[in-house]
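Provided herewith is a single structure, encoded as structure tokens, for subsequent inquiry.
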Amino acid sequence: MVEILDYTKALEVLKEYPSGDGLHVDTLLDSDNHGALTYNDFLILPGSITFSAADVSLDTKVTRRFTIKAPLLSSPMDTVTEHNMAIHMALLGGLGVIHNNCPPDDQAEMVRKVKRYENGFILDPVVLSPSTTVAEAKELKTKWNFGGFPVTEKGTLHSKLLGIVTSRDIQFHKTPEDPVTAVMSTDLVTAPAGTTLAEANEVLRSSKKGKLPIVDKDGLLVSLLSRSDLMKNIHYPLASKLPSKQLLCAAAISTHDADKVRLQKLVDAGLDIVVVDSSQGNSMYQIAMIKWIKSTFPDIDIIAGNIVTREQAAALIAAGADGLRIGMGSGSACITQEVMAVGRPQAASVRSVSAFAARFGVPTIADGGVQNLGHIVKGLALGASAVMMGSLLAGTTESPGEYYVSNEGQLVKAFRGMGSIAVMEDKGKSGGGKNAGASRYFSENDKVKVAQGVAGSVVDRGSITQYVPYLVAGIQHSLQDIGVQDLEALHTGVNNGQVRFEMRSASAQTEGNVHGLHSHEKKLYSS
């Protein structure tokens, strides 16, 4: 008969057990015993809840220098991230990586749009001259997706301020050939150079103007402040911004020498982080490119990859990488593992590379294999600082391309892997030059293109302004269940064995999903 113990001694009796319930992460991922695992093959065991989900911080480093407030990145794929996605990912606390399957000038223009979108003091505003026509002002409004352009004597910064042309001034003006001086507002509220951002915000707040020009003692325009940016600061408190209040922006380049010119254009446009994009990151080409970037642009942080082993990581860290991108063949539109017989299951990859990179203070990004919110949490638990998403974001409003109705009657958007034949043979986006898909997979000179990806479609997910907050809230609740209040505590708990894991059999995976119902509706979130 089992002895019934004093219930008040339960916590003391628990200490008699040699280890916590479940498995240590190293036991979980011991591939010698049970093969390498991926996200569906395990669960994280719950801990103790002593705080609210709202108190969970998701601040994380994506490179040695840059920290974001939501551990989420959008992939540099031509059906996922252009300037609209990059802007909204940054506003929501993450980071968008603009793809490079386009001419360098087009990519630089996208970077420029991100950097202009939200600012404190706008140090390089779009300035009009007295000879600019109303029609030209309308074209600029369409191009930049904002209005309120200062007009100066020379049409440049550091020139005498004459007025401001607002959207209302030009919207219904019937003679487009008129100069903007005929419609501009001259009743201006300005602030003197040297005004602090807080003081300037207060002047703008108390005025009824949309823009606040900052002028020097001679009345020359030196910068601009926007009321719409104040509203963005209220609506997007997690925004990934620099001290200058500009949004953080990343963009991809290939390992080819020709992209050195591309990178110069991106840097001139204001780029913060460059992602050296390759399907197999441990190459002489990428190592040479990293070293060149470090010597030429020391203020630009480099995310290198993709890799799946410690050996690959060591080579890129030694070359100077500031962050690592993990994943090979695990993406939803990727067939590298099937075709090349090269790669690694994503859970094993993330743990191996992240544990090694952490010893050098290099953050890692789990890229690929993410099918749902739970996979994001598992990637973070295995040591990644952030998770990169492709197909999860491809169906959102902010991704490139138009919606269409599938044969099944669903609203979908096109999505294609960068290793697909559709991308490798697409000369349109690349401007007839080198193709980013072929470059990524070292196939640009091949007579026979071997696909390492597929093209397809993904179901409409709505706007990321709703979807990303759902992901953020879900990660916070998950960390609350695990019993850790931030990502550093999660990583520490996993490493010291306090955060435990359990493997899942096929039956366990079935049990952990919806089962036994006649029918159901799977609505993931409401807002």
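Glycine is no exception: its Cβ is also placed from the backbone N, Cα and C atoms.
I grabbed these lines from Swiss-Prot:
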DOMAIN    121-183  domain 'CBS 1'
DOMAIN    184-240  domain 'CBS 2'
BINDING   Asp277, Ser278, Ser279, Gly327, Met328, Gly329  NAD(+) binding site
BINDING   Gly329, Gly331, Cys334, Glu511, Gly512  K(+) binding site
ACT_SITE  Cys334  active site, thioimidate intermediate
ACT_SITE  Arg440  active site, proton acceptor
REGION    506-527  region 'Disordered'
COMPBIAS  518-527  compositional bias 'Basic and acidic residues'
Given a Cβ distance threshold of under 8 angstroms, which distant residues of the chain, six or more beyond its ends, lie next to the region 'Disordered' (506-527)?
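For the region 'Disordered' (506-527), the sequence-distant neighbours (Cβ-Cβ under 8 Å, at least 6 residues beyond its ends) are 40, 43, 373, 466, 469-470, 473-474.
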Taking every protein chain in this structure into account, which of the binding-site residues Gly327, Gly512 has the most other Cβ atoms within 10 Å of its Cβ?
Gly327
Please classify the secondary structure at Cys334 (K(+) binding site) using three-state DSSP.
strand
Which site among Asp277, Glu511 has the most other CB atoms no more than 10 Å from its CB, taking these as binding-site residues?
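Comparing the binding-site residues Asp277, Glu511, the most crowded Cβ belongs to Asp277.
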Sorry to bug you, but what's the C-alpha spacing from Cys334 (K(+) binding site) to Ser278 (NAD(+) binding site), rounded to the closest Å?
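That separation, Cα to Cα, works out to 13 Å.
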Across the listed NAD(+)-binding residues, Asp277, Ser278, Ser279, Gly327, Met328, Gly329, what is the farthest Cα to Cα distance, given in whole Å?
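Value for the max Cα separation, rounded to a whole number: 14 Å.
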Using C-alpha positions only, work out which of the binding-site residues Cys334, Glu511, Gly512 is nearest to Ser279 (NAD(+) binding site).
Cys334
Restricting to the domain 'CBS 2' (184-240), what is the model's mean pLDDT?
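Summarising the domain 'CBS 2' (184-240) by its mean pLDDT gives 86.
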Output the one of Met328, Cys334 that, of all these binding-site residues, has the highest number of other Cβ atoms within 10 Å of its Cβ.
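Selected residue: Met328.
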Just to be sure I understand: of Cys334, Glu511, Gly512, which binding-site residues have a C-alpha no more than 10 angstroms from the C-alpha of Met328 (NAD(+) binding site)?
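Of everything listed, what lies within 10 Å of Met328 (NAD(+) binding site) (Cα to Cα) is Cys334.
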Considering only the binding-site residues Cys334, Glu511, Gly512, which residue has the minimal Cα-Cα separation from Gly327 (NAD(+) binding site)?
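Going through Cys334, Glu511, Gly512 one by one, the Cα closest to that of Gly327 (NAD(+) binding site) is Cys334.
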